[in-house]
Amino acid sequence: MPTIAPDPTFYPSPRMAAKAPAESLAYVAAFDPERAMPDAIAVVDVDPASSTFSQIVGQTDMPNTGDELHHFGWNACSSCLCPNASHPHTERRYLIVPGLRSSRLHILDTKDTPKSPKLVKVIEPEEIAEKANYSRIHTIHCGPEGIYANALADAEGNAPGGIMLLDHETFEVRGQWEIDRGPQELAYDFWWHLGHDTMITSEWGLPSTFENGLVPEVLLGSKYGRRLHFWNLHTRKHQQTIELGEEYQLVFELRPAHDPTKAYGFVGCVISLRDLSASIWTWYRDGDRWQVKKTIEIPAEPADPNTLPPVLQGFKAVAPLVTDIDLSMDDRYLYVSCWGTGDMIQYDVTDPLAPKETGRVRIGGIVSRAGHPKAGGPLNGGPQMVEVSRDGRRVYFTNSLYGAVDPQFYPDGIDGWMVKLDVREGGGISFDERFFVNWPKPHRPHQIRLQGGDCSSDSYCYP
Amino acid sequence: MSSSLSPWLALAGLGAFHGLNPAMGWLFAVALGLHRRSRGIVWLALIPIALGHALSVAAVVLLMLGLGTLVETRHVEIVAALLLIGWAAYHWRFAHRHRVRVGMTAGLAGLGLWSFLMATAHGAGLMLLPVLIPICLAAAPAQGLVSAGSLPISLAAIGIHTLAMLAVTAAVSSAVYEIFGLAFLRRGWVNLDLAWIAALVVAGFFLIAA
């Protein structure tokens, strides 16, 4: 039912969203790598004043096993206030939770029982295949035409992957988003510049090259994704491809500036075949074309081969493996997860073409196995899915990447954890010594969504 | 032709009601002004917004006049009533599900197209029919457009309606841009969709009862 006043969690501008009250709950996707127990959305208490702070206070199990919950998102968010397609009286209450492996979509209602969301609808992969011809559902974004969900493959598991639209009230699958996909075949992440009517998509690979783990021959042959695609958000036509270069593999998370007047953003590239370094690239508008520039390079660290997993032993180095990034609401700080080395790095990106490191913590890591003030060490896994509070003062992250890839880099297994950083005014990050979630087995945690919205959930039309 | 002022006041009143609805353009004018940091853009945007709205209303009026030359006025009223109630039902059920064709980089032509599409999809012209049918058709049932002088009356009606719509759009957009700011969108943006749907339904029943 529509409401009389706009949803109070919708903000016209990122400037106003940054003044939102602090979150008290975090929703976390948790999956069983053995695919024996159902995956779940866990609810973590993040209110420092609560007696259950840093504890899992609720959980909603999926109805099946083997979904591999991964990323998820809201049915509606601040883009509902956009002037060209406003739906301000829709409520942000449903989590759209895809299974990356099962291609099943779950709709969870958080309104009445926020600590134990109710499963209200399941969309089976057959329906998605029939209506949109897609599978392996990955990223979810609420946007101008409803709910956008992207898929890494077509219904048969082949190229092309792409984006589909869902009705944001009935959750009906409405079909493929693309009208002209041009040369785009691979998919990974997508987001947009609402102020510039531009969609951006990135590339991973096809299911046959990741569902049983990364394939070294594919990687060394540079056959995983290495391109960015730019689209007209409203004509839904492909406009431009930018190739990062043959040595760059796995182009992942896209973080456009929140300010809709700004035409730049950041994307992480997991690995360079030349020296195992990871990199961050800034895309920006140059006249009527988009350009990219490599603005951060994080080098591999030399290591004793005996401490390395087989996949890295020949290189005698641990790769940083930047697998997620997140941009603060004021577009000032970029957080970069180095899942290999165990670093979480904060960069000041006030000048998006010249980032400066302003903070760094280390936890876990393939070689370092660094501990945490509350948990001690050694810890395995490394900084992975990272989420930033709307006011930019708190950063949360978890340590698992993907069921089939985890053991390639952490062969002795990953014990799940979730931690929180406090951000100092003017830059600098440190662990909240009271916050460490020792994740209950057999689950491992992945993406985090903060109640009311966070820095990768909402997009804005007003500066 | 009625000599009463009331139909003209009703047309102006409906123009004000349309202008008040953020989906008819004031919000887009504010957004473009903020986006391009220009007060002038807010005012300039009003022109294509008003033109698009007027064209959409004119299309409905032309259809009504055309139908009026073919069938009895009572039949025009019944068709209009059914359209209004159908439009209301569609709006209630599917208004959230529209294709977005124009975004924040819109030029003046794009904005005009957007306004035309929004007015049409919302049934803005249809809502005027209970007022227009009596003054444009009742005096001259099943006759030519010109003989009854329907065309000039219709054009005057579109003009009055659009001027009122433009005046309210200008007033609201400048008040939000200059005084209230974006915070207004969080507090003051009451759901006019329900009032809009109610207006379509009331207009439909008014025609049936006429």
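The backbone N, Cα and C atoms fix where each Cβ goes, and this holds for glycine too.
A TrEMBL annotation is a machine prediction, not a hand-curated record.
Sequence annotations record features per position, and here TrEMBL assigns transmembrane segment to B:6-34 (among others). Listed by sequence, the residues of this chain that lie at least six past the ends of the transmembrane segment (B:6-34) yet keep a Cβ under 8 A from its Cβ atoms are 41-43, 45-46, 49-50, 52-53, 104, 106, 111, 114-115, 118-119, 122, 124, 127-128, 131-132, 134-135, 157, 160-173, 176-177, 182, 185, 189, 192-193, 196, 199.
Beyond the ends of the transmembrane segment (B:41-67), by six or more residues, the same chain brings 18, 24-26, 28-30, 32-33, 75-76, 79-80, 108-109, 111-120, 124-126, 128-129, 132-133, 136-137, 145, 150-151, 154, 157-159, 161-162, 165-166, 169-170, 173-174, 177 to within a C-beta distance below 8 angstroms of the stretch. Per TrEMBL, the feature transmembrane segment maps to B:41-67 (among others).
Per TrEMBL, transmembrane segment is recorded for B:73-90 (among others).
The transmembrane segment annotation in TrEMBL covers B:102-121 (among others).
According to TrEMBL, the transmembrane segment annotation covers B:127-146 (among others).
Distant neighbours of the transmembrane segment (B:153-177): 1, 7-8, 11-16, 18-20, 24-27, 29-30, 33-34, 39, 42-43, 45-46, 49-50, 53-54, 57-58, 61-62, 65, 128, 131-132, 135-136, 184-185; these residues of the same chain sit at least 6 beyond its ends, with a Cβ under 8 Å from one of its Cβ atoms. If you look up TrEMBL, you'll see B:153-177 (among others) marked as transmembrane segment.
Per TrEMBL, transmembrane segment is recorded for B:189-209 (among others). Here the transmembrane segment (B:189-209) has long-range neighbours at 17, 20-23, 77-78, 80-85, 87-88, 91-92, 95, 122-123, 126-127, 129-130, 133, meaning same-chain residues at least 6 beyond its ends whose C-beta is under 8 angstroms from one of its own.
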